[in-house]
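Asker: Next up is a structure, given as C-alpha cells.
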C-alpha cells in the first residue's frame, strides 16, 4: 500500500521532522509512506489569501500521484476513529489504491480542491498547528496500519 501526505509548508521545527521520521520508519514493509512538502505562497505585496490558495492548489495538484484516492484534511470533514481509519485503509489497499492525504496551508484550501477530494477528513475539532497535524496524521496512519496487521501498538 502506498500512502502519500502532501503538506503545504516548509521549515518545520526539528521535533516535527523527527517525530514524522520516527513514525514513517515504523511502517516498515507494511506500507510505503512518503511526506512531500509543498511550497507555500507568500502573502502580502499584492497576494491575498485567495490568490495564495490558488497558487498552492496548482502545486498540490501537480504533486498528487496519478490516480490516487484523494483525502483532504478539513475542519468540516468526518473525524474517523482509529479503527474506522484502519477500515478505510483496508478498503483502499484491497482496491489497489494509492492514497494521498493533503494538509492545506495557513489559509486552507480552495473549494475546487476540496470538491476533487473523494473524502474529507479531520483529526480534531480543535485548530491545530500545521506541524502537529503532520505528526498526528502520520501517527494515526501508522496506528491504522498496525491495527490491520494485528500489531500490539494499538490497544482498545
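In case you wondered, yes, glycine gets a Cβ from its N, Cα and C as well.
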Asker: With 104, 123, 124, 125, 126, 127, 128 listed by Swiss-Prot as S-adenosyl-L-methionine-binding, which of these, 61, 70, 73, is given for the same site?
Answerer: 73
Asker: Would you mind pulling the longest C-alpha to C-alpha span across 73, 104, 123, 124, 125, 126, 127, 128, which the record has binding S-adenosyl-L-methionine, in angstrom?
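Answerer: Binding-site diameter by Cα atoms for S-adenosyl-L-methionine: 16 Å.
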Asker: Please identify which of 73, 123, 126, 128 has the densest Cβ environment, defined as other Cβ atoms within 10 Å, among these binding-site residues.
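Answerer: For the binding-site residues 73, 123, 126, 128, the Cβ with the most other Cβ atoms within 10 Å is 73.
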